[in-house]
Amino acid sequence: MNSSGDNAGFEWWRRTMQYKTGIGLTPEEKTRYEDDSKARELKKECLKCYEYRDWMLKYSPTVRFMVQAITKLNKGSDSKFDDSKIICDYCPDWKSGGFHPELGILLCQNRLRDKWHLEDTLSHELIHYFDDLKWQIDWLNLKHHACSEIRASSLSGECRFWEEFKRRGFRTGFHVARGHQDCVRRRAIISVSGNPNCQSKEHAAKIVDEVWDSCFADTRPFDEIYR
């Protein structure tokens with residue numbers, strides 16, 4: 001096992017140079033360096049994720065508003081909502097976050113591009129949290145799932161004009177007039193497709209279309225689409 005001194009300061013610099021040049025590097029040292037490097041990167045990602053999370057809980061209007069709305073719904077509950085319900089961790093899948101009604105919110109520290117990506121992701125998952133408290137969502141019910149995904153993508157800010165344009169641009173079918181709705185629908189279909197009760201992407205699209213009008217129009221707890 002490595003001492004902490006091996007992974008810091010001059011000794012880490014020496015090991016890095018040795019790894020890059022290969023001079024005097026044994027196979028065991030190479031493997032150990034790669035393992036230590038990965039551990040250092042995971043720790044760095046985790047600390048940055050929690051730093052961004054705490055900043056958003058303090059300063060983001062959307063996040064603060066959603067936390068207040070959740071706290072109001074949660075009055076009288078034995079399970080108080082606080083920052084312990086929002087954790088950062090490594091995710092093997094290509095997703096930026098997740099929500100579980102019993103465990104809370106997961107932020108995928110290795111998938112978040114920057115502070116603002118975390119804000120969109122956290123806002124998205126907080127809307128799921130709100131929906132679950134307000135309507136006791138059955139997450140295996142495809143219509144329930146689709147409705148919350150539509151609301152989360154629409155209200156979180158992840159489908160605002162500039163974010164969607166950065167992802168797609170004009171050459172990938174982006175349309176200014178309906179860009180927001182197209183983005184919401186696309187992302188909802190992707191999420192519902194991952195539900196174990198969903199048969200196919202076409203099945204997910206059908207479910208999303210069935211609940212679209214009422215769910216897209218429902219902006220609670222906001223008065224309108226804020227971001």
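Numbering starts at 1 and runs along the chain as it is shown here.
Cβ coordinates are placed from backbone N, Cα and C, and glycine is handled just like the others.
These come from Swiss-Prot:
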type: BINDING; residues: HIS124, HIS128; note: divalent metal cation binding site
type: ACT_SITE; residues: GLU125; note: active site
Taking every protein chain in this structure into account, which of the binding-site residues HIS124, HIS128 has the most other Cβ atoms within 10 Å of its Cβ?
HIS124
Near the residue listed as 'active site', which residues of its chain come within a Cβ-Cβ distance under 8 Å, counting only those 6 or more away in sequence?
ILE86, GLY97, GLY98, PHE99, ILE105, LEU106, LEU107, ALA152
